[in-house]
Amino acid sequence: MAFLKLYVIVLGCAKNEADFSLFKYHLKQLGHEVVDDVEDADGVVIDTCGFIVDAKQESIDTILEFASIKKQKPDFKVYVTGCLVQRYPKDLPLEIPEVDGWFGVIPPKNLAESINKTKKYITDPVAVYEFEGRVDSDLPYAYVKIADGCDRACTFCTIPKFKGGFVSRKLEDIEKEVRYLIENGKKEIVLVAQDTTGYGVDLYGKQMLPELLKRINDIDGNFWIRVMYMHPDHVTDEILKGFSYEKVVKYFDIPIQHSSDNILKLMGRTKSTKELEELFDKIRSLYPQAVLRTSIIVGFPGETKDDFEQLIDFIRTIEFDRLGGFVYSDEEDAASYNLPNKVSLKTAQKRLDTLMEVQAEISFLRNQRLVGKVIDVLFEEEVNGVIIGRSYMDAPEVDGNVFVKGHGINRFGKVKITEADTYDLEGELVE
């Protein structure tokens, strides 16, 4: 087998980033080289997203962009993997024959072993990996995938159809990976899965996220543990107790998708408006410093003006610290595709604009309360004498930043906040 210099592109979610940190390790173990510039590469590996229309289009555009390189460099290899391939295994090879290898959702080691082989298309059922090693960026945080697949039945979502059922990794293997990361200088461990609250149920017969948090918390070192993607229907009292450990940041990422009982029912969600409100009240009662993040879909089939107004009232009542908003994507193989009373794109976009305007007001006011306070910041980047970081209140890539004059990254520092806008903070080092 010829060894290749490969340029790697990761599209989509943090779970893909976690997978490809391991994939790059296995590529190197096999003798391939991962390069930072496509001009130096013999080929490209593209990890795709197949979740919604915009993500699919981005993936296809990226594939076509790199396939066009073959016009000038006929020997340039193009390998495509990930959720888009798993979702459309027959259509893609027919539509884009320039691609040298199509690989579905397979473990990182298997994927690395498949590169530069003669097989045109490979797909396996979803499988989790055992940790052997990983190659990460110089950033001080790392994503660790604790499970894959999903057993939920949200009507707008197609992920279970191409990712398979929920499969957890073993406690010991996750702990081994986290120890490796901490020993190699990481300051923040971000736990990800389709639904982190479901971790362990398939392996151990019960939710094991609290036990996992305890084990990671017991690892020596000064670092944060952040939990992402918690399904609101399964945030139990035991799960909430797991956040009491010292290194677990009090950051609760709980995508509710909507708050109207009518829309929640159509979405296949089980918690009611009242139960959601009680959940967030409980979290803030247990952890006064809690930061609440959620995701919202507007324009879902059947969403009336009253449903949307109820949603806005709910957002104003809860005052989420962080919120991501999206227009409903009408996926052809999702159950919601067959629902009546579709909302026009124009109306949905207008509702999204309104939602984000309301959230901007809330975010600004909540950030203003931080002015004059001293907070811990993890510094990640330095630009022209300004160091840029995040507090525990902000997750990587999706939330805001803290800007401070100074030097030195990949470290914690205490910062007194001097200015605050809607999403970002400015401050000065106090130690």
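Every residue gets a Cβ built from N, Cα and C, even glycine.
The model shown is predicted, which means the values in this text are computed figures rather than measured ones.
Annotated domain 'MTTase N-terminal' per Swiss-Prot: 4-120, in sequence order.
The annotation [4Fe-4S] cluster 1 binding site is assigned in Swiss-Prot to C13, C49, C83. The number of other Cβ atoms within 10 Å of the Cβ belonging to C83 ([4Fe-4S] cluster 1 binding site), over all protein chains shown, comes to 26.
If you look up Swiss-Prot, you'll see 136-365 marked as domain 'Radical SAM core'.
According to Swiss-Prot, the feature [4Fe-4S] cluster 2 binding site maps to C150, C154, C157. Contacts of C154 ([4Fe-4S] cluster 2 binding site) defined by a Cβ separation under 8 A and a same-chain sequence distance of 6+ are given as Q257, M267, G268, R269, in order along the sequence. In the three-state DSSP reading, C154 ([4Fe-4S] cluster 2 binding site) counts as coil.
Here Swiss-Prot flags 368-431 as domain 'TRAM'.
The [4Fe-4S] cluster 1 site is defined by C13, C49, C83, and by the 8 Å test on Cβ atoms against their centroid, the other residues of the chain that qualify are L11, G12, K15, N16, D47, T48, G50, F51, A55, G82, L84. If you take the Cα of C13 ([4Fe-4S] cluster 1 binding site) and the Cα of C150 ([4Fe-4S] cluster 2 binding site), they are about 15 angstrom apart, rounded to a whole number. Taking the mean position of the Cβ atoms of C150, C154, C157 as the [4Fe-4S] cluster 2 site, the remaining residues of that chain whose Cβ falls within 8 Å of it are R152, A153, F156, T158, I159, P160, Q194. The Cβ of C150 ([4Fe-4S] cluster 2 binding site) lies under 8 Å from the Cβ of C157, I159, P160, K163, G165, F166, Q194, D195, each on the same chain and at least six residues away in sequence. The average pLDDT the prediction assigns to the domain 'MTTase N-terminal' (4-120) is 89.
In the three-state DSSP scheme, C83 ([4Fe-4S] cluster 1 binding site) is classed as helix.
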